[in-house]
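What TrEMBL says about this protein:
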BINDING   6, 7, 8, 9, 10, 11, 12, 13, 61, 115, 116, 117, 118  GTP binding site
BINDING   13, 40  Mg(2+) binding site
């Protein structure tokens, strides 16, 4: 099981819809028009079928206080950050720290997604890494942490996310 977490409005639902479309075409071709999305209230389960079936459980940002009740059986974690929303960054950092310190997630592989890099007001990866002290987080975390810059809207970086999911779930069975 893969958990997809992040604050409200960071683009989690769009990401899973895009990954589903990308995986169904073997990563080739146009992603097509933007699918409609609404903020997730509760949880969505989505299967991505690439080299194997990977189930992604997306939890709504508003569910942050009870995310921990979903940590069991989590092999991988996608954590999404909105690079165009500096006011949300400190809250996202607090959420990420809580995830990385959770005992049930100590064995999970973590992919931090820096989304919305297509927007003109986005913070650079260097700015974000500095603000959230990412090198320190990575050095102290028990988990294997990878980062990628993406645009769920434009499709930038999504093939890297799909490849990471495939590689991670191949290792974890």
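Cβ coordinates are placed from backbone N, Cα and C, and glycine is handled just like the others.
Just so you know, TrEMBL annotations are computer predictions that nobody has curated.
Projection of TrEMBL feature records onto the structure.
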{"residue": "6", "record": "GTP binding site", "CB count, 10 Å": "26"}
{"residue": "8", "record": "GTP binding site", "CB count, 10 Å": "16"}
{"residue": "10", "record": "GTP binding site", "CB count, 10 Å": "26"}
{"residue": "12", "record": "GTP binding site", "CB count, 10 Å": "28"}
{"residue": "13", "record": "Mg(2+) binding site", "CB count, 10 Å": "21"}
{"residue": "40", "record": "Mg(2+) binding site", "CB count, 10 Å": "18"}
{"residue": "61", "record": "GTP binding site", "CB count, 10 Å": "22"}
{"residue": "116", "record": "GTP binding site", "CB count, 10 Å": "24"}
{"residue": "118", "record": "GTP binding site", "CB count, 10 Å": "15"}
* Do you know offhand how many angstrom separate residue 12 (GTP binding site) and residue 40 (Mg(2+) binding site) by C-alpha? -> 9
* To do: Round to the nearest Å and give the CA-to-CA distance linking residue 6 (GTP binding site) with residue 40 (Mg(2+) binding site).
  => 11
* Measuring CA to CA, name the entry from the binding-site residues 61, 116, 118 that ends up nearest residue 13 (Mg(2+) binding site). => 61
* **Extent of the GTP binding site in Å [max Cα distance among 6, 7, 8, 9, 10, 11, 12, 13, 61, 115, 116, 117, 118]** => 22
* **Cα proximity to residue 40 (Mg(2+) binding site), best match among binding-site residues 10, 61, 116, 118** => 61
